[in-house]
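Sequence annotations record features per position, and here TrEMBL assigns transmembrane segment to B:6-26, B:33-52, B:58-80, B:124-149, B:181-203, B:215-242, B:263-282.
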Amino acid sequence: MTDEVLRTENLARAFGGLQAVAGVSLSLYAGKVTALVGPNGAGKTTTFNLITGNLRADSGAAQIRGKPIMGLKPWQVARLGVARSFQDLRLFTHMTVRENVLAATETASWFWQPGGGAARRAREDRAARALEATGLAALANARAVDLAYAERKFLSMARILAAEADIWLLDEPASGLDLASRLRFGELLRGATARGVAICLIEHNLDVVTELSDRIAFLDQGKVLAEGDPQTILRDPALAAIYFGDRPQEAA
Amino acid sequence: MIAYAANLATIVAIFGILAATLNFVVGFAGIFSVAHAVFFGLGAYAGAQVALHIVPDALLACVVAAVVAGGLSLCLALPALRVRGEYFVAASLGLQMMATTLFSEAKAFTGGIGGLVAIPRPTLFGVEVSVLPLALVALALILFATALLQRGAFGRTLQALRDAESAAEALGKNVAAAKTLAMLFACAGAGIAGALFALHLSFVNVESFTMDQSVLVMAMVIIGGTGTLWGPIIGAIILLSLPAGLAFVPFIPATEVGAVQQIIYGLAMTLLMIFRPAGLVGDLSKGRATA
């Protein structure tokens, strides 16, 4: 396959007696969309949290372009080129749309950003391009808290675009979007993959998955049960039964 | 009367610095510290020691106070900054309680319960000066620095981590470093206020650096408007002018002024939270959205 940019090997994490992730091995490739599909509680978001350092793995490994990332803090993983969205969006609610996106371009934690005026103008240009691409330019001065639902979703995407990361981990980014917004979202993703961005998408809407993904990893009970192209995975009757809650009973 | 007004103006300017610097961490970074009086005290003792044992130069006293308060803010705040929200409030409360005891016991540095007395009048380059112009200049400089930081990338970083810390981290922001820097700036500013306070009164003791003082400064910030530039100054003016104003009301006996003052504070806070939750200067819509 094409360039592997991120790989996890046997990632595992338990919460008390619940084994949320039980040995997930997964690869993401430059320019490809991989969908993580599975019923609620399959361990999809936990896998994201283990990759980004929001949770510590009990065991297993992960690397970005060969560099181990286990034990790194979320901001350190982000600086290696990983951007993520959250199911609950986590916008900077009392900042304007433009400030939300500008904040995504400013990673230095010091009193000022490096590079002086030229770098500042470059960051402002990046933010303006991200707002243009997500259709939010006209709302640049509105506060995030005042946006409509779909606009909030696109603001979350604008932050990721402006961050210029080359690995995107998107947690249900298209949920609740109408058809027109979904099409616009699809264009954003296709634009990103054309630039070589590797995308991992958690999504419950199988139409979106079929439309946008190049590969599917099917998770259940913390394990990757199957991996492959969307047609093969989605037509597998055993996986469909698990996904729709008609799980085969284990032998006594 | 002029001396009384000048004294009140000096105290308002000093508490304006305290409130403005506390607002920097509370209003912009969302770090609710109830230990600001600790750093005010550290600055006051450091400034007083410089004046007593080296030279009563106000500039030197302020620099030393800022370094001591800012430096100790790193040692003391770094572990506390690892916790969030109400846990940080509890951690800062613990720090305030511990510091009050240490201020009472560390006689060599603080003079103990009796405090440090006979602090010489301040000078600037060898010339004796009043604290009022110094405090006003310090307040102006701190407000200017606050406005610059607030409008720039650092201000956005602080507001981002206040609104959604995990999202700020996911965008590559080192949240702990940004919070530490914000605390450093705020505590160094509180230290400068402390040095000016010591030089102004010529006497300092632990009574000025207790939990009550931290709560008073927090009230100034909330009443004026958190996250605004001028709100804390307005809060300081109101809360410090109130006791002075009440003393002139003929039908309140002098012995009851304190009790009336507490009732007015409580009533004002309650009414504010109902009708102007973002404070007197704060954006009303912002307050409602937050609520």
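Even glycines carry a Cβ here, placed using N, Cα and C.
Automated prediction, rather than curation, is the source of TrEMBL annotations.
Of the two recorded stretches, the transmembrane segment (B:181-203) lies close to the transmembrane segment (B:33-52), with three or more CB pairs under 8 Å once pairs fewer than 6 apart in sequence are set aside. The stretch with the most CB contacts under 8 Å to the transmembrane segment (B:33-52), chosen from B:6-26, B:58-80, B:263-282, is B:58-80. If you count C-beta pairs under 8 angstroms between the transmembrane segment (B:215-242) and each of B:6-26, B:58-80, B:124-149, B:263-282, the highest count goes to B:6-26. Residues 38-40, 42-44, 46-48, 50-51, 88, 91-92, 95, 122-125, 129, 131, 134, 138, 180, 183-192, 194-196, 198-199 of the same chain, all 6+ positions outside the transmembrane segment (B:58-80), place their C-beta atoms under 8 angstroms from a C-beta of that stretch. The list of residues near the transmembrane segment (B:6-26) in space but at least 6 beyond its ends in sequence, with Cβ under 8 angstroms from a Cβ of it, reads 32-33, 36, 40, 130-132, 135-136, 138-139, 142-143, 146, 149, 182-183, 185-187, 189-190, 192-193, 196-197, 200, 217-218, 220-221, 224, 226-228, 231-233, 235-237, 239-241, 244.
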